[in-house]
Amino acid sequence: MENLKKQVGIEAAKFVKDGMIVGLGTGSTAKYFVEEIGRRVAEEGLNIVGVTTSNVTFDLAQSLNIPLKSIDEVEYVDLTVDGADEVDPKYNGIKGGGAALLMEKIVATYSNDCIWIVDGSKIVETLGKFPLPVEVVPYGARRLLAKFEDKGYNPKMRLSGDDYLVTDMGHYIIDLHLEKIEDSYALADELDNTVGVVEHGLFNDMISKVIVARETGVEILEK
Ligand code: 5RP
């Protein structure tokens, strides 16, 4: 599995060209992409600027001497490469398994192109088996939990040890165990309009390609 993840990371890095501003995703698959970019910067003199999507990715990119800017220091990002937790046939997906969905969505929003790198198990017919992460403001989080319970969304506060997990941006995460999301656009609208929700892990219409690692090799799916 690790070798397959590495392969898609390296494959995605081939889309990165000199002069680009590159969004650097988060997670165990995106890590290989960032490492490959670091290798090319060091060994091939690749000239890019990276924009990171989490503190973990920032630390990794910095340790690899990838030149970095924050999203506020660039007008746009040319290409972002990130992992995902589920991808459906419309190329919509769930992200946030690694709790970085807010920064990931901000960077994706200002990106001219986004590619996801995943293993084959993440390609699904219908989103929702993977719990949908919802990032919420701590104040009122229990009220939101109760609200989602009333709606039958099977919410669970995400924990880190015995405490609520706190994201890089200082929020909590409520995971919705929905099993099936019939309409990812309607649910995204509903969550976007819920007070106290900062962001959610539904990424609709944000990517052009998925690079999939399968036992049989790497497959590039284009929208
Ligand atoms: C982090 C994410 C990750 O990209 C997603 O969880 C996939 O991670 P991995 O490649 O480790 O399975 O959205 O918030």
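Any Cβ shown, glycine's included, is placed from N, Cα and C.
As annotated by TrEMBL, substrate binding site applies to T26, G27, S28, T29, D82, G83, A84, D85, K95, G96, G97, G98, K122. According to TrEMBL, the feature active site, proton acceptor maps to E104.
Annotated features, which come from TrEMBL, shown on the structure.
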residue: T26; record: substrate binding site; DSSP (3 states): coil
residue: D82; record: substrate binding site; DSSP (3 states): strand
residue: K95; record: substrate binding site; DSSP (3 states): coil
residue: E104; record: active site, proton acceptor; DSSP (3 states): helix
residue: K122; record: substrate binding site; DSSP (3 states): helix
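Cα-Cα distances to the residue listed as 'active site, proton acceptor' place T26 within 10 Å, out of the binding-site residues T26, G97, K122. All protein chains shown were included, and the count of other CB atoms within 10 Å of the CB of K95 (substrate binding site) stands at 29. Annotation for A84 (substrate binding site): spatial neighbours G93, I94, K95, W116, V118, K122, F203, V210, criterion Cβ-Cβ under 8 Å with sequence separation of six or more. Close to the recorded substrate site, the chain also has G25, A30, A100, V118: residues not among T26, G27, S28, T29, D82, G83, A84, D85, K95, G96, G97, G98, K122 whose Cβ is within 8 Å of the site's Cβ mean position. Of all Cβ atoms in the protein chains displayed, 20 besides its own lie within 10 Å of the Cβ of G97 (substrate binding site).
Counting Cβ atoms from all protein chains shown, K122 (substrate binding site) has 21 others lying within 10 Å of its own Cβ. For the substrate site, whose annotated binding residues are T26, G27, S28, T29, D82, G83, A84, D85, K95, G96, G97, G98, K122, the maximal Cα to Cα separation is 16 Å.
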